[in-house]
Each structure stands twice: as C-alpha cells, then as structure tokens.
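What TrEMBL says about this one:
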| type | residues | note |
| --- | --- | --- |
| TRANSMEM | 357-382 | transmembrane segment |
| TRANSMEM | 403-427 | transmembrane segment |
| TRANSMEM | 439-462 | transmembrane segment |
| TRANSMEM | 474-492 | transmembrane segment |
| TRANSMEM | 498-515 | transmembrane segment |
| TRANSMEM | 545-566 | transmembrane segment |
| TRANSMEM | 572-597 | transmembrane segment |
Amino acid sequence: MAIVKMNKFSLLSFYNKRSSLLDILQNFNYVHFNDLKLEENESYLKEVENSVALKSLEDRQDKLKYAVETVKKYSKEESPNELKRLDIENVYRDSENFDFDLIYDKLIKLVKEREGLVDKKQANDSKIDDLFPWKDINLDINDLYNSTRVLVETGSISSQFYDDLRKELVEKHLEKSLVYRLSEKDKVSYIVGISSLDEKEEFKEILREFGFTRIRVKASGPVGDELEKLKADSYKYKNDITKLEEEIAGFFKYMDDFYLYESFLENERKKEASAEYFLKTESMDVIEGFVPADMVDAFKEDLTSVLGEEFMLDIRKADLDDPDVPIILENNSIVEPFESVVETYALPKYNEIDPSLLVAIFYTIFTGFMIGDLGYGLLGVIGTVAMLKMKDLTKSSEKMVKLFFAISLSACFFGILFGSVFGGIIEVPFGWVDTQKDVYTLIGMSFAIGTVALMVSVGMTIIINLKNNRPLDAVYDSLFTYMFLGGIGYYVYSKSKIGLYVMAAGMVGILLFSGRDAKTIGGRLGSGFYNVYGLTSWIGDFVSFLRLMALVLSGGFVAYAVNVIVKMVGGAGIVGILGGILIFVIFQIFNMFLSYLSAYVHGLRLIYVEMFNKFYEGGGIKFREMLEDTKKIIINKRRK
C-alpha cells in the first residue's frame with residue numbers, strides 16, 4: 001500500500017515555447033499543475049487566458065456529440081464494444097487525417113433536408129385530417145361557396161344537437177333550408193347547410209343557437225380528389241424521408257473515426273485548459289506543480305528535449321504537510337481494486353498512509369461473512385471471471401468487477417465455513433458453523449472480527465504518527481486507548497484487578513494528554529474529560545459489527561424459506577417440479593442480488609464509520625493527469 005512520492009517543481013520557460021511544452025508534457029502525462037493565482041503585489045504577472053481556444057474545442061465537442069447521437073438514432077447497427085488502446089501520438093496523427101468538418105456539414109445538410117420534409121409531411125397530414133370529414137363532397141366546394149342562388153354553410157355541431165336542429169328547421173317552417181351530416185367523429189357532427197337566400201338570415205340564427213361552428217373547406221376541386229392528391233404527396237414525403245434516414249444511417253461507417261476524434265478533442269481541450277493554471281510575464285510562463293519522484297529524470301529529459309537550455313527549473317521533495325500535494329495510489333493487482341472504496345470516501349492526504357491494503361483485508365472479510373453462501377459465491381466468481389475474460393472493460397469498470405470477484409471468493413470461503421449452498425438446498429459434508437442454530441457462535445465471530453478491525457484501526461494512528469515523526473502523539477492518541485480497551489478486555493476475561501489498573505491508567509492518560517493542544521489547563525482538562533466521555537462510543541462501534549451476523553442470518557433465512565416452498569411445490573407432479581425450478585431460480589437470484597447489495601453497502605459503512613473514524617481523515621487532492629480516456633479510446637500511459 002503506497003502513496004506515490006511527489007516532487008514539487010517551479011518552472012520558467014518562454015511563452016513562445018508553450019505549445020511545444022504542453023505537447024511534450026501531455027505525452028509525459030504525469031504532471032500536475034498548481035492553479036497559480038495573482039497576488040496584489042505581483043503586477044508584473046498576468047493570468048493565462050485560453051477561453052477562445054477552449055470555447056472552439058467545446059463547440060466542436062458539442063457538434064461531435066450531436067453527430068454521434070444522430071447517426072445512432074437512425075442506424076440499426078450496434079456501436080463497437082471493443083476498446084482501442086492507442087498512444088496519444090497515434091490519436092493526434094489519425095485525427096488530423098479525419099476531415100470532421102466536411103462529414104459534419106454533409107450530415108447536417110441531410111438532417112436539415114429531412115426536417116424540412118418532415119415539416120411538409122406534417123402540414124400535408126394536417127390538411128388531410130382537415131379535409132377527411134368532407135371526403136364525400138364530390139363537387140368543387142368553391143362553386144357552392146360562390147353560388148348566387150343559395151347559401152351554403154359547412155361546419156360542425158355537437159352530435160347531441162343534430163336531430164334537434166333538423167326538427168327546429170321543420171318547426172320554423174324553413175322549407176327551403178336543410179342540413180346534412182357528412183361524417184361524425186368524437187361526438188362531433190360535420191354538416192353541410194343549404195338555404196335559399198330569402199331564408200338565410202333566419203337559417204344562420206338557428207345555426208348559431210345550436211352551437212354551429214363554421215369551417216371553411218379548403219379544396220381546389222372535389223374534396224375526394226384533393227384528398228387523393230394529398231395522400232400521394234404524403235406517401236412521397238414518407239419515402240423521401242426514409243431514404244434520407246438511410247443516408248444518415250450510412251454515416252455509421254465513420255463511428256470509429258468519431259470515437260477517435262472524441263479522444264483527440266477531449267485531450268486537446270485538457271491540454272489547452274492546463275495553460276490556464278500558469279501565470280505569465282511579457283515573455284515568460286511561470287509554472288508550478290508536482291511530478292512523481294521516480295519520474296523526475298524523465299521529466300527533466302522531456303523538458304530539455306523541447307526547451308533546450310532555455311528554461312529554469314527548481315525541483316525538490318514535496319513537503320509532507322503541504323495540502324496541495326496531489327495523490328496517486330499505487331498498489332499490486334490484488335489490492336488495486338479496493339482503491340475505489342478508498343477514493344469513494346476520500347483520498348488520503350500526503351502525510352497519511354494509503355489504507356487500501358487494510359480495506360482489501362477487512363472489506364473482503366466483512367462482505368464475505370455477510371453473504372456467507374457457497375452457491376452465491378460461486379455464481380459471483382463465474383460471473384465476474386466471464387466479464388473479465390469476455391468483455392473489454394475500462395480501467396474503472398475492471399476494478400469494480402475485480403472487487404466483486406474478491407467479494408465472491410470471500411463468500412465462497414464463508415459459505416464453506418457455514419456449510420451453506422443456496423440456503424441448504426444441497427446437503428454438503430462440510431460446515432463448522434450452522435447459521436440457523438449457532439447464533440451465539442455468530443455473535444462471537446462478529447465481535448471478534450470487530451475487535452480486530454477496531455484495534456488495527458487504532459494501531460494505524462501509531463503508524464501515521466511515527467511516519468510523521470510524532471512519537472509522543474503515537475503514545476497519547478493510541479497507546480492510552482489500547483490500555484483502556486485492553487484493560488477492560490483483560491478484566492472481563494480474567495477478573496484480575498490488573499486489568500482495572502491498566503484501564504484506569506489509560507483513562508488518566510487520555511484525560512491529561514488528549515487535550516494537549518489547548519492553551520490553558522482548564523481547556524486541556526475540559527477537552528480531556530470530553531474525550532474520556534467519548535470512550536463510551538466504543539460500545540456502539542463494537543455493537544455495529546453485529547450487522548455481520550444479522551445480514552448472514554437474514555439472507556440465509558430467506559434462502560431457506562424459498563427452499564421450503566420449492567420442496568412443497570415440487571411434490572405436485574411435473575407441473576409442480578417446473579414451477580419449483582422457476583421459483584428457485586427467480587427467488588434465489590433475487591436473494592443473491594439483495595445479499596450482495598446489502599454486503600456492499602454495509603461493508604462500506606463498517607469501513608467508513610467504524611474504522612476510518614479511528615485513524616483516517618482524508619481530503620487529499622486527486623492527481624490530474626494530462627491524458628484522458630474516453631468512451632472507446634484508452635490512452636497508453638508510461639506509468640502503468
């Protein structure tokens with residue numbers, strides 16, 4: 001378990017070499033720039049602004065994102081699943097040969113043409129909807145509207161009033177007026193009304209009384225003929241739209257190039273953004289940051305290769321207590337997956353230690369204990385191994401899969417210890433602890449694991465204090481706590497008064513020295529009393545580890561209940577057997593999911609709350625690498 005040692009550097013170089021410098025440093029990758037800010041008395045310095053270049057790159061990223069989403073929308077092909085691992089030089093070289101602007105312009109032209117046709121088709125379909133109620137009018141409707149002999153009205157009324165309207169015309173003796181229903185939809189009647197000129201005013205008044213809504217039928221001839229023409233136009237629009245969509249889908253052949261160009265733009269943006277961490281004079285760039293100590297020689301060689309002798313470099317070991325030192329965690333392949341657990345909480349500060357190994361040991365024990373089933377563990381092992389072998393994963397995804405592989409192996413171990421395979425559906429010749437009977441044994445195991453975890457956590461403060469050359473703090477912050485807890489434990493075990501004496505000595509030490517930073521005796525004692533009172537929280541810490549027992553019991557009882565149901569159903573012939581198999585598969589997989597989820601979450605809780613609270617502060621800054629992986633392109637890096 002290790003935090004990579006860092007060296008801090010200050011660099012002066014000519015601003016006209018900035019572009020070349022950023023190129024070589026991006027290829028180097030492992031350089032973290034401090035964000036330098038102007039002080040009031042530094043009028044000779046200015047901040048570097050790169051907003052124009054960054055805005056241009058971000059605009060191109062937006063265009064690329066739109067292009068990818070548009071092509072995916074219309075293409076039936078699946079995006080390539082494999083990841084490409086390339087050097088940054090290859091990404092830049094191949095991207096320079098890719099004319100994105102030309103392809104984007106062609107794509108946008110097709111998209112706009114399609115949108116235009118869609119608008120026309122929608123307008124055309126709207127006309128069809130408007131004319132459809134009048135499809136039975138076989139005359140030129142305009143001839144009727146323009147008639148000098150009769151009044152012709154077209155419109156709609158509520159269907160419930162149609163018959164009453166006709167009766168009203170009869171009762172009012174409008175013998176030269178009539179209405180006719182051409183169609184009906186959603187309880188609305190579309191009607192034609194015809195009246196002689198001498199009755200038209202009274203006819204209009206009656207129509208108004210019955211809620212008539214005038215609709216002007218827009219057709220240049222018989223409505224049926226107009227509808228056929230409009231339908232033909234819509235059919236043509238639809239075919240043309242389909243052809244354009246097929247052309248757009250044809251741009252899928254550029255998808256690999258799009259993903260490569262995405263990597264280029266993201267890394268170019270990151271490189272240009274790095275310059276904004278600098279300060280500048282009229283001719284020089286002022287740069288400050290950190291590099292890994294074991295890469296200093298390579299860093300100097302790269303600077304010399306691009307700047308020659310025209311630079312000034314001051315480089316020295318990073319101060320342990322400098323809060324700006326960025327953090328890189330470096331562990332072996334077994335511990336590395338557990339770095340994500342640490343990072344989710346907080347990276348360690350530079351003067352702390354990397355707790356990844358500790359997390360790997362205890363998190364694996366916690367989660368395996370809580371799952372505690374060989375069947376679930378084997379399924380987890382098979383699933384994670386299959387994913388690692390069959391699927392190309394990003395670094396973060398690979399870490400997560402390996403984390404669950406470790407959890408599954410631990411579940412197998414505890415499943416063997418508990419003799420549990422899918423909740424006991426299979427009789428096995430092993431198993432030393434029966435989770436359905438040996439409850440007190442499980443309680444003892446939970447307390448034992450918790451005791452070891454908490455004692456190791458306190459011990460970590462000793463290591464941290466010794467690492468930072470604070471031996472007295474190791475005594476005050478840890479040894480007295482050990483004396484207090486150890487004294488209690490020894491007294492409970494042996495009933496010897498020696499245990500009480502050791503416990504009392506520990507309490508006195510905590511009382512006198514835990515508040516040593518206070519400036520007054522009263523403040524020191526007050527802080528000491530508070531910390532002595534705080535020792536009662538250890539009861540809750542120990543009890544919290546009973547969740548290990550609780551979760552393995554809950555998962556085991558659910559699995560056992562499923563098995564009982566399966567055996568009951570299985571006795572009902574072939575249908576019962578098939579039903580039992582279905583119930584077993586569905587509910588055992590569901591219980592496995594819940595067991596893994598609960599173990600994952602509660603395991604984190606034990607690590608973060610019970611263990612980290614004893615020794616780990618966190619708050620470190622993540623090292624900003626110059627290279628960025630994207631969805632489909634992984635950039636090869638020197639270090640790993």
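Heads up, the Cβ atoms here are built off N, Cα and C, so glycines get one too.
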Long-range Cβ neighbours of the transmembrane segment (357-382) (under 8 Å; 6 or more residues past either end): 1, 331, 334-335, 337-338, 341-342, 404-418, 420-423, 425-426, 428, 435, 445-446, 449, 453, 456, 460, 547-548, 551-552, 555-556, 559, 588, 592, 595-596, 598-600, 602-604, 606-607, 611
Positions whose Cβ lies under 8 angstroms from the transmembrane segment (545-566), at least six residues beyond its ends: 366, 369-373, 414, 418, 420, 422-425, 435-436, 439, 442-443, 445-447, 449-450, 453, 580-581, 583-584, 587-588, 591, 594-595, 598-599, 602, 605-606, 610
Sequence-remote partners of the transmembrane segment (439-462) [C-beta within less than 8 Å, at least six residues beyond its ends]: 353, 355, 358, 362, 365-366, 369, 433, 474, 477-479, 481-482, 485, 489, 538, 541-542, 544-549, 552-553, 606, 610-612, 614-616
